[in-house]
Every structure is written in C-alpha cells, then in structure tokens.
Amino acid sequence: MSFRALLSSSNFPKSPSGTISSGNKTNPTRSLNRIPLYSLHGCRLSRVSVCEGRRRSRSGKVHADVRDILDSLRDSVKFKDGLNDIASSEDDLDTTVPWWEQFPKRWVIVLLCFSAFLLCNMDRVNMSIAILPMSAEFNWNPSTVGLIQSSFFWGYLLTQIAGGIWADTVGGKSVLGFGVIWWSIATALTPVAAKLGLPFLLVVRAFMGIGEGVAMPAMNNILSKWVPVAERSRSLALVYSGMYLGSVTGFAFSPFLIHQYGWPSVFYSFGSLGTVWVALWINKAYSSPNDDPQLRPQEKKLIVSNCISKQPVKTIPWKLILSKPPVWALIVSHFCHNWGTFILLTWMPTYYNQVLKFNLTESGLFCVLPWLTMAFSANLGGWIADTLVSKGLSVTTVRKIMQSIGFLGPAFFLTQLSHVDSPAMAVLCMACSQGTDAFSQSGLYSNHQDIVPRYSGVLLGLSNTAGVLAGVFGTAATGYILQHGSWDDVFKVSVGLYLVGTVVWNLFSTGEKILD
C-alpha cells in the first residue's frame, strides 16, 4: 500500500456524530455531550467547546479528558503531516520515471508488429513497380510477368500452416523474427537472381514468400497473448494498416529510386531495412507477458486476466477444427476476399500504366491513394467495431457487419470502373474500393481469435492458405485474361467472388468461441 493510501485510510477516534471522543469508558452518569472542532491549523486547535455533564463537581476530570484528547490530536496531526511529506516524496519519485517506460508494453508489441508488416508490404510491392522497367529490359510478355508476380505466392503458400503450428508451439517472437530476416535477404538478392535468369528469379521470389508467409500466423499468436479482448479490433487494425502504409511507402519511393539509381536499388535499400527491425525486435519483444521480466505488475495483471490464449499448444485437434462450419466460412471468405485484394496489390500499377496511360512515376504515386485510404479505413473500422462491442452488440453481429462492408463495398466500386471516363474517377473508384475492403480487418481477420483463440495462429495459417491460393490463381489468371480479354473481365471475376463471400459469411460465421 502506498503512503497516500495509508494516510487516507487512517482512522482517528470519532463519535457517530462526527465529533472526536476520548475513547475512554466513562460513567453513564457522566458524558461528554459534544466536542465540536471548528478548525485545525497545523498542530494548534483554535477552538474547542466542551459541554460538561450534569455534575459540575467532576469538571476537573472532564478537563483532564479534554487535555488527553488535545494531546492525542497533536500527536495525530504531527504524524499525518509526516505521512504527507513522505507521500509527496513518493509522488516525486513517480514523476521521475520517463514517459516511454510508462507506455504500455502491449502497445510496444503492437507497434513492432505494425512496423514488421510495414516492411512486409514494402518488400512485396516494390516488384509491382520495378516489373515495368524489368520487363522492358528482359523482354517479358504479360504471361511471364504474371508468372513472376505469382511465384511469390508459391513460397507464401508453403509456410502458412507451418508458420501457424510453429508459432503456437514455440512462440511468435522467434517465428516473426525469422520471417523478417528471411524475406529481407531474399529481397536484396532479387536483382542478382533476375540477371542470372528467369528460373533463378522465380526461386528467389518463392523464397521471399516463404519468409513473409509466417508473418501473419506469428503476429496473430503474439497478439492473442498480449492484447485484451476489448482492444482486439483496434490492435489488429493498426497492425494490418502497417501493410497498407507499407504499400504506400513502396509505391511512393520506388519510382524515385528507379529514376535516380536504377531498378536494382529498390531491392537493395528496402531489403537492408530488415536488419534495423530485427535488432529492436530481439531487445524489446517477448512471445507472451509471462516471458517479459520488465513488464509492470499492473499491466501484466490486466493482460493475463483479459486474454484467453495463455498456454502453449502441444497438440492440434485438426479433425475437430475442420468439423466446425464457422471455420469453413472463414476459409471460403478468406479466399473470396484475397482474390480481389491480391489482384489490386500486384496489378494496379500495370492498370494505371496501360489503361489510364500514367507514366512510371504517376503510376506509383496514384497507387498511394488507395492504400492510404485503406490505412485510414482499417483503423476507423477497428474503432467502430470495438465501440459497438463495448456498447453491448454481440461480437457475431459486429463481425458480420464489418465483413459485409468489406465485401459489398469493393464489389460496388469495381463495377463502376467500366462506366467512368476519366483517370481521376478511376483512381477514386479504386480508392473507395480498397477503403471499404479494409473493414475486413475488423471482420474475418479478427475472427480467428474470436472462435478458436488458443489455436488462432494455426487457424490463420489455414485460412490464409486459401487466401494465398486465391493470390496464386488470381494473379496468374489475370495475366491470361488480359491476353485474351480485358480489364472489365478481370474485375467481373472479383465482383462475383465478393458476392459469394458475402453470402457464405453471413450464413455460417460466428463471433463466439467454438473450441477451447
């Protein structure tokens, strides 16, 4: 107990009426009717009015009682002043603690995950810009470009489930740290592989996908242990907005670097940033609050009492997990969502260049707007979702509302692209499409921790495997469609899958825990 708390709980002897009594047992025939205290200055009593008992002959004893009371009060006041001095010293000590040490450690973990996802998409989207000068230099046709873009997903697919199992069994810190190191090295090796030949480039891009494939399951595992349920949507929205801001950064800086230093500079500079992040991660991050020796007791109590996922996983009940309809709703919806998202992620600069006739710099800069919109919308959606849950709306209803916006919004705005006749309106439709898409972070992307919190890393790996398959098939199919059709055909396929996902999600998903 602090000194101030001790001080406030100190009880001086008082009568039921609020007056201070002597505390001595007196004869029933003699009583002190009242001893009101008008003011107390330091250790001096300015006025004490004493009404004696009925027998004035015993006034000497009454005066003696009063003197005892006064002496007791003087001692009590001196002691109270001493406690005030000590409490003030304690407050002074508290104010000397730097503000960054008082910052919640769980949000340090969230910010580190945010920065990891920032690097993740910076390293992923730089190829979307660099592919334009690379295809001109190496004489690649649209089918080859689609093959190169999809090769990333070959490796990304391999580590989704494996990354989830690894994170749930050994902890997310090691897994996410490995992923960042791995994909950073692969990014830096991309120019070398491209000059050696197409097969080498495909292998390096697949290797990069292996590293990035463990990021989502590892992050999901860490946040399930560090973030209380009431902060879940906001924390996940912030982390995923790191991906969007990574796209913004990649699209904004890649054209400048290419013009100034050539396309290889993009991969060298972006890949080197991973070393800075890893140094911070090793020093600051822990897989769970129980592993952090510097975590303040108050915050540890808050986290442990409000997080569901606590113990490491030893065995995974695959049959039981796959027998639940909400799990399959999550898997199917993730596939439908990622088909459209990955097409926009990888092909948007090409669309701006070929259809809207933007040059390389304009393509990169105009790609920034949709991703900025996504970063804003993701955090807005997270705030709305947590607010609705805190006001009593069921988690199931909130997840369905958020994901319905994440499906129907992009579907509507993509259908408008075939009716617009100006580049500005086309960019606006793209921005609105991806802005509403970002509400999915408070929908299906938050649902893994809702329904199976203990196996959230595994479930995210499972559902994201379906999402990656959508990326592999969708990215490659887009190159094929463009050789034999048009961009309208590309968008029609995406709209159809968004509508399928809406129906499946609203029929079978839930926000309640279905498995301990």
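Just so it is clear, glycine is given a Cβ too, placed from its N, Cα and C backbone atoms.
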Among 408-432, 458-482, indicate the range for which TrEMBL gives the feature transmembrane segment. 458-482
Which sequence-distant residues neighbour the transmembrane segment (174-194)? Criterion: at least 6 residues beyond either end, Cβ under 8 Å. 113, 116, 119-120, 123, 126-127, 134, 138, 163, 166-167, 200-201, 203-205, 207-208, 210-215, 217-219, 221-222, 263-264, 267-268, 270-275, 277-278, 281-282, 285, 287
Folded-back contacts onto the transmembrane segment (147-167), same chain, C-beta under 8 angstroms, at least six residues removed: 124, 127-128, 131, 140, 175-176, 179, 198, 201-202, 205-218, 220-222, 316, 342, 346-347, 457-462, 464-465, 468-469, 471-472, 475-476, 479
Hey, does the transmembrane segment (327-348) touch the transmembrane segment (458-482), meaning at least 3 C-beta pairs closer than 8 angstroms, sequence gap 6 or more? yes
Looking only at residues six or more beyond either end of the transmembrane segment (235-257), which have a C-beta under 8 A from one in the stretch? 107, 110-111, 113-126, 128-130, 219, 223, 227, 265-266, 269-270, 345, 349, 360-361, 363-365, 367-368, 371-372, 374-376, 378-379, 381-383, 438, 441-442, 445-446
The recorded stretch from 200-223, 327-348, 368-389 sharing the largest number of CB pairs under 8 A with the transmembrane segment (489-508) is 327-348
